[in-house]
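If you look up TrEMBL, you'll see 1-20 marked as region 'Disordered'. Residues or ranges marked as compositional bias 'Polar residues' by TrEMBL: 7-20. Under the heading domain 'Calponin-homology (CH)', TrEMBL lists 37-141, 150-256. If you look up TrEMBL, you'll see 436-470 marked as coiled coil. Residues or ranges marked as domain 'EF-hand' in TrEMBL: 752-787, 793-828.
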Amino acid sequence: MVDYHAANNQPSGGPQTYMEQENDWDRDLLLDPAWEKQQRKTFTAWCNSHLRKAGTQIENIEEDFRDGLKLMLLLEVISGERLPKPERGKMRVHKINNVNKALDFIASKGVKLVSIGAEEIVDGNIKMTLGMIWTIILRFAIQDISVEETSAKEGLLLWCQRKTAPYKNVNVQNFHISWKDGLAFNALIHRHRPDLIDYDNLRKDDPVTNLNNAFEVAEKHLDIPKMLDAEDIVGTLRPDEKAIMTYVSCFYHAFSGAQKAETAANRICKVLAVNQENEQMMEDYEKLASNLLEWIRRTIPWLEDRTQQKTVNDMQAKQEDFRDYRTVHKPPKVQEKCQLEISFNTLQTKLRLSNRPAFMPSEGRMVSDINAAWHTLEGAEKGYEEWILSEIRRLERLEHLAEKFHQKAAIHESWTSGKEAMLTQKDYETSTLSEVKALLRKHEAFESDLAAHQDRVEQIAAIAQELNELDYYDSASVNDRCQKICDQWDTLGALTHRRKDSLERTEKQLESIDELYLEYAKRAAPFNNWMEGAMEDLQDMFIVHNIEEIQGLIAAHEQFKSTLPEANKEREAIQAIQAEVQKIAQSNGIKLSGANPYTTITPGSIDDKWEQAMAMVPQRDKALQEELNKQNSNDTLRATFATQANAVGAYIQAKMEEIGRISIEMNGTLEDQLTHLREYQQSILSYMPEINKLEGDHQHIQEALIFDNQYTSYTMEHLRVGWEQLLTTIARTINEVENQILTRDAKGISQEQLYEYRASFNHFDKDHTGSLIAEEFKACLISLGYDVENDKQGDTEFARIMSIVDPNNSGAVTFQAFIDFMSSETTDKDSADQVIASFKILAGDKNYIMPDELRRELPPDQAEYCIARMAPYTGPDGVPGALDYMSFSTALYGESDL
């Protein structure tokens, strides 16, 4: 017989080669009877599943296709195309022509028909008829199946293996014996419609029941006609491969819609997972920012409290509380602030990479707001510490002045005791002339003494005034005592003036007073006053802050001691006057009445005060020497602190410069850079013991009340801020590299592209600030091929790009913004339209979606997430409970409110 289609075969390759192999039917071989039976039933059912769409069917596969009419109708139904008009005659030639039209159509689809001619089909050759139907099934039902670029048969097998992989007792390796026990058919149905199959109750040792269950469920619920008998499959050693493939292809096409739904569900799951993670990060940021701002809000009033204390010890307790705040309470907050900035930057990077709108924190919780609050906090810290030190100095001064006031007041009150009574007595009225003259001279000596005490009264008043100006807590008692002294002093002045007037009225009646007594009185009084002043100075309290001040006091003391020999000569001269009085009296037999009438200062009191003053000199020497030792110790503390501070300051400066250099270099991959930066961060953290040592030295400085240090320009506050800035800078640099890795991985940017971008960026970053001004950025874009020249079109394009990379109009472009822009120019993004299309698949092309559909297609948590956030659908085609997935999808990308 002539092969009618041998000359019409088209060049084949790929799927056509597979067809050629599958269609290699041998005319001289016979089908296995069992296989032929299975193929008859399967192919007949398959043909009827399509012919019923045209309102007809076949009963006998080799008889009903002989006239070619139903064969042509079958091809029109499965291809959706019109074939040439068939011939309606009953003659053999009409039948052959109709079959040839059908075979020509099959050949036009790229199928090579081997050894199949129209005459054999018209003659009812069952082998050729089954071969032809198998060719049609391959071309129209199986050929288009492809999984991971495999051939049709391999693709269908791979699809079956993947779908049945999770099921026990199912191992699909072929299209014959792998399907005998019926579990594979049931697994396919259960994988896509678990509500139709109770898989756990199936038994591997009951294949007939398994097969019948799968065939009946498929026919009833999936519209797949029953194409095989369970008994035929079980009773055959090796079921027919073509029959099984035909049956399985029906399952594949029945579930292809579910495959699309699964893909759509996966896309939605991915989008929702990103959105949920971003929302969690937003909540974490808001919580952390709120807690940090609340801590700052609670801390600033404490640092601004300027409640004055009464004593130095009270202020030192405040200083200890402040030191505890700086070393215990604040460091964790510094770490929280750093982590907050890192979380904010990471979140913004993830939002950009997932094509989401930028995160805007709640009002007052921006990073800039937190930085402003932190700046206020640090300003309050600085002011608080300065206030504490100032208060300690003030209270030290106050305590010193108060003690000095009471000491001078006590000396003055001791001196004035009994003076009013003395000045008010009327002894001169009954005294002899000599006695009156003596009284007058005595009064003149008292006036001299009174004038000598004027300086002490003025000193007492000046000290009281200073105590008031420094806000001394016990100013009331000081003022009261000072007022009494001043009032008493005025009274003494008035009384002195009246007594002098009284004595002068009787001066004419007085005889000259013994010159020796008078000379004694005049010289003894200032000498006595000098001794009292010297004793007062020797007992005077002192406070110094450095070696120079104590050395000045020691020099003054040495100068005082150098005057003692001359003073002793004066004392001896005064005592010689008294001795001369005694000598004259004895020589002339004069009976002395007792004490010198012109003064109360006796030689014994002068000697006693002299001995007391001489005893105070070594005590003063000892006190000054102890203070000198203390200042030498303080100087050692200053030098120790300065040595450590200078080393720490230089270290921080060097590390800050090195971090700046690392941030603009390109050494190794981003992962290498990240590893290097983290190792560098650990190296910096290992320096913490030196910082702690410096804090210890600073504590010793403060405990010793040392307020200046000429050996270093560094302060502890300056170094603390520098150290915190160093830790923040390295953490921020690490975060920038991590965000570059996120950008590279999410956008598919190669390492070479990143190097190119970094090299271009660094080339135009002339001042190495890590950012480009507008003109530098324009030059960089031009070097990369962007048309942003200085013309109207170029300026418009450049303005568009600047609005992307510098939305805040800061005038500078960071490297991260530059990378984001370059990656966005070359990579694909998820969009709201893609998500809407995915939801439309799940909804079966409806404009709305039902909660049950979401729960069936999505994981439980993401299904409930969508249901909780989707608005009710209000379109005219809506039904009760319908949800609006379109507005929800646009809200995910910031195109509407969620």
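Any Cβ shown, glycine's included, is placed from N, Cα and C.
Automated prediction, rather than curation, is the source of TrEMBL annotations.
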Task: May I ask for the residues of the chain that lie six or more residues beyond the coiled coil (436-470) and have a Cβ under 8 Å from a Cβ within it?
output: 394, 397-398, 401-402, 404-405, 408-409, 411-412, 415, 422, 427-428, 478-479, 482, 485-486, 489, 492-493, 496, 499-500, 503-504, 506-507, 509-513, 517-518, 521-522, 525-526, 529, 597-599
Averaged pLDDT, computed only over the residues in the domain 'EF-hand' (752-787): 77
Statement: Lying 6 or more residues past either end of the domain 'EF-hand' (752-787) yet within Cβ distance under 8 Å of it, the residues of that chain are 660-661, 663-664, 666, 670, 740, 744, 793-794, 797-798, 801-802, 805, 811-815, 818-819, 822
- prompt: How do the residues of the domain 'EF-hand' (793-828) split into helix, strand and coil according to DSSP?
  reply: 25 helix, 3 strand, 8 coil
- prompt: With DSSP, how much of the domain 'Calponin-homology (CH)' (37-141) is helix, how much strand and how much coil, in residues?
  reply: 71 helix, 0 strand, 34 coil
